[in-house]
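> Dropping a structure here in structure tokens format, bear with me for questions.
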Amino acid sequence: MQKTTRTMPAHKHVALVAHDNCKPELLRWVKENKEKLQRHFLYATGTTGHMLSKETGLAIKSMISGPMGGDQQLGALISEGKIDVLVFFWDPLNAVPHDPDVKALLRIASVWNIPVATNRATAKFLFDSPLLEQEVDIEVPDYEAYLAERM
């Protein structure tokens, strides 16, 4: 597939997601990184977003709950270039009914080449990077070329 470049803005669009068993850990991480996070545009699946907003006072655009389609809503935003970073504290030891949606969200994040943090360690590395506060060029699929090949 041909590639093109997309410029991520200095103020990133960050999606925050957590499975139920991981919500307390994400909340703790968000509280620890509130100062950094408030400089960016925040999105989340429904339950996670409402909990984080209530507990931290951060402005978060909440989708619907993950199992009800929120993961897919975030995936659509990623494919439209409207999400720059995904922080997804998922529980690898417990299956959830919407596992196919979870896999699809992680797959689409990889397709569109956005950074993904799946635990505290990767989130720390990502949010301690100076690139978080800078414009960054990333390679993404050239959808126009992809479409032209198929027409």
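The backbone N, Cα and C atoms fix where each Cβ goes, glycine too.
Annotations per Swiss-Prot:
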DOMAIN    6-151  domain 'MGS-like'
BINDING   His19, Lys23, Thr45, Gly46, Thr47, Thr48, Ser65, Gly66, His98  substrate binding site
ACT_SITE  Asp71  active site, proton donor/acceptor
> By the DSSP assignment reduced to helix, strand and coil, which category contains Thr45 (substrate binding site)?
coil
> Would you mind pulling the DSSP three-state label for His19 (substrate binding site)?
coil
> Give me the CA-CA distance between His98 (substrate binding site) and Asp71 (active site, proton donor/acceptor), in Å, as a whole number.
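Roughly 9 Å, rounded to the nearest whole number.
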> Within 8 Å of the centroid of the Cβ atoms of His19, Lys23, Thr45, Gly46, Thr47, Thr48, Ser65, Gly66, His98, which other residues of that chain place their own Cβ, given that this set defines the recorded substrate site?
Val17, Ala18, Asp20, Ala44, Pro67, Gly70, Asp71
> Among His19, Lys23, Thr45, Gly46, Thr47, Thr48, Ser65, Gly66, His98, recorded substrate binders, what is the largest CA to CA distance in Å?
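Farthest-apart Cα atoms in His19, Lys23, Thr45, Gly46, Thr47, Thr48, Ser65, Gly66, His98 are separated by 16 Å.
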> Would you mind reading off the Cα separation of Asp71 (active site, proton donor/acceptor) from His19 (substrate binding site), to the nearest angstrom?
11
> Provide the three-state DSSP residue tally for the domain 'MGS-like' (6-151): helix first, then strand, then coil.
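When I sort the residues of the domain 'MGS-like' (6-151) into the three classes, I find 74 helix, 29 strand, 43 coil.
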